[in-house]
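Remarks on the structure that follows.
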Amino acid sequence: MTSIAMHHPSDADLQAAFSGHPPSSSPPPPLPYGTAGFRANSAVLLHAMHRCGIFAALRAVKTNQTVGAMVTASHNVEPDNGIKLVDPTGGMLEQSMEPILTEFVNADDAVQGLRRLLEKIEAQPGVANGGGGRVVVGQDTRQSSERLVKAVKDGAQLMGVESIVDLGEVTTPQLHFIVQQCNAAGAEGRRIGESVYFEHFGGAFARFWSLLPPSPSPAPAPSSLYVDAANGVGALKIAPLGEHLSATLSPSPLSLSLLNDGTQPTDQLNEECGAEYVQKMQRLPRGFDAAEMVGKRCCSMDGDADRLVYFSPGGESDHLILCDGDKMAALYCTAIQRMLAEIDLQDKGKGLRVGVVQTAYANGASTAFLDQLPHVDVRCVKTGVKHLHRAAEEYDVGVYFEANGHGTVLVKRERLGEWASVVEGRDERAYERLVAFLGIFNQTTGDALADLLATEAALKYLNMSFADWAALYTELPCRQTKVALPRWVLNRLQPHPEHEKTLTQPTELQASVDTAVSSLIAQHGDGYSARAFIRPSGTEDVCRLYVEATTAEGADRLSDELKAKISQFGAQMAKSVMK
C-alpha cells in the first residue's frame, strides 16, 4: 500500500469547507454516477461538485497525473447541470472507482466520508509516495456552470493538488482530449489549451485532404454545411475551427454556417434544437426553414458537442432526411474498407481486425448493411457508451456509434503499422491517407467537431452526395415506447448480460415477445422481418420497449400487442403478491 503525499487539512478546516458547500436539503436527494456522471437540477449539485473536486484531486495525486472534471449536462434542459470525471487516459472514470465516488458524494457525514474515501484511495494502485498531480476543469455555457466550477476548484484546492487549470467554456470532447494529451509521453512543458485540440484534428483533416487523388478540374467552391449548435458550447468552437482550416488549407474546403448559436435573448440550450431533438423527434431544429433550405446539408450537435447527426430538409414543414449515428458508422466503415482495399489489393484488409459495435437499438437495416461489408465484424453490446467504447478497443480498428450520434473510431496505430509492413506491393500514399483519416477521430470519446470533419472527409473520398449517403440503406420502421411498471417488477426483468436483445428472466415474458414476433412474421411470409426487445429503465419506473418490422403497420401492431402483454404481466405480478 502506498501513502498519498498531500496536504491533510484538520477536521475543523474540513468541516468549515464542507459547510461552505452544503447539500440543498437534509437529507439531499441521492445522486447516482452513471455513464453521464452526476446529473440533476443545478440547485441540488453544489455539495456534489465540491466533493468531486476533492475526489479528482486525490486521483490526480495518487496517479501523479492530470485528471479532468467537466461541468455539463450535455443534451439536458438549461436548468440541469452535472459533472463527469475524466481519467488520466482521457477516457471515462475507471468503472471500479464509480461506486467509491458515489458513496463519498452521498455520504451524510462528509468528514467521515472523506476518511473512508482516503482509505479506499490508498488501497488503489498508484505511484509510490504519490505527490504532484493536476486537475483540469471545463464547463459548458449553462448559467449555473460558473458557480459549480468554483465548487469543484475549491474541493481540489482543499486537498493540495499541485495545480488546477480552468479551461473555461470547452466542449466535453475537448476536455477529454486535453487530459489525454497532458498525460502523453513527452508532454512535459506542453501548453494546455484549445489550440492543441484544433491543431491536432484540423491538422489530421488537412493531411487527409492533401492526400486525396488530384481532381482534373478546378475545385468547386465549397457548399455550405449548416450547423445547428443547440445554443451550446459547440457554437463557440465553429469559428476557431474554420479559422484553423483556412490557415492550413487554402482555400478551405468547408464553409460552415452557424445557427442556434445562443447569442439571441430567446435562445435556450437544447430547446427544440440539437442532436437529441432532431434524432428523437425527427423534426427540423428551430431556425431551419424547410422551404428555403430544402436539399441543403445540415448537422446538429448537442449541448456539449459530443453528439452529431446529419440531416437535410425535405421541403415539407418539419420533414427531414436523417443520417443518424447508424448511418455515420455505415459511412465510416465503407470508407475504411475501401481504403484498406486500395492498400491491400489482394486480401483487402483481411489481416486487420476491423469491427463495428452497436447496441440492440441500432436499426436492423444498418446491421444488415454492415454485415455485408467484407472483413468487418459486427458486434452488439449492452446499452451505454462505456460498453461500446470498451468493445471497440478490442479491435485493431473499432467503430462504435449509438443512433443518437455519439461515437467515434478507435485505432491501434502500432497494429496498423505491423499489418501494413507485411502487405506486398502496398500503395504507400493510400496507406498514408488511411492513417490521416483515422487520425481525424477523437480516441477518447465521441466528438461532434471531429466527427463533422471525418464525415466531410469520407463523403469527399467516396465522392458521395448527402443523398447517396442517405440511400446506403433504408431504415426499417421502428417504434420506441414505455410502459409504466413498479420498481419491484422492473427489478425482476433481467436482460441478456451481453446484448440485451432478450430477457433471461422472466422466461414467460420473453416467451410472449417471441410468440408475438413469430406470429407477425408468419402472417406476412418469406422476406418479412420483425424483432422486439424489452429492458427496464434505470432512471424511470418504466419498461422500455423497442419494436422493428418490415412495414410501419406491422411495427405499430407489434408495439400495441407487446405493450398490452407487458401491462398484463405487471398486473399478474401484482395480483400474485396480493394473494
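The backbone N, Cα and C atoms fix where each Cβ goes, and this holds for glycine too.
Sequence annotations record features per position, and here TrEMBL assigns active site, phosphoserine intermediate to SER74. Residues or ranges marked as Mg(2+) binding site by TrEMBL: SER74, ASP302, ASP304, ASP306. The substrate binding site annotation in TrEMBL covers GLU402, ALA403, ASN404, ARG535, PRO536, SER537, GLY538, THR539, ARG544. According to TrEMBL, the domain 'Alpha-D-phosphohexomutase alpha/beta/alpha' annotation covers 62-109, 130-186. Under the heading domain 'Phosphoacetylglucosamine mutase AMG1', TrEMBL lists 197-309, 324-462. The domain 'Alpha-D-phosphohexomutase C-terminal' annotation in TrEMBL covers 530-563. The region 'Disordered' feature in TrEMBL is assigned to 14-33.
Long-range contacts of the domain 'Alpha-D-phosphohexomutase C-terminal' (530-563) within the same chain, counting only residues at least 6 positions beyond its ends with a Cβ under 8 Å from a Cβ of the stretch, are 34, 360-361, 363-364, 383, 476-487, 490-491, 493, 495, 500-503, 509-510, 512-513, 516-517, 520-521, 524. Scored by C-beta pairs under 8 angstroms, the domain 'Phosphoacetylglucosamine mutase AMG1' (197-309) has its highest count with 324-462, from the stretches 62-109, 130-186, 324-462. Binding residues for substrate (GLU402, ALA403, ASN404, ARG535, PRO536, SER537, GLY538, THR539, ARG544) extend across at most 20 Å, taking the greatest CA-CA distance. Taking DSSP states H, G and I as helix and E and B as strand, the domain 'Alpha-D-phosphohexomutase alpha/beta/alpha' (62-109) has 13 helix, 14 strand, 21 coil. Cα separation, ASP306 (Mg(2+) binding site) to GLU402 (substrate binding site), rounded: 12 Å. The binding-site residues in question are ASP302, ASP304, ASP306, GLU402, and the one with the fewest Cβ neighbours inside 10 Å is GLU402. Among the binding-site residues ASP302, GLU402, PRO536, GLY538, ARG544, the ones whose Cα sits within 10 Å of the Cα of SER74 (active site, phosphoserine intermediate) are ASP302. GLY538 (substrate binding site) counts 12 other C-beta atoms within 10 Å of its own C-beta, drawing on all protein chains shown.
Between the C-alpha atoms of PRO536 (substrate binding site) and ASP302 (Mg(2+) binding site), the distance comes to 25 Å.
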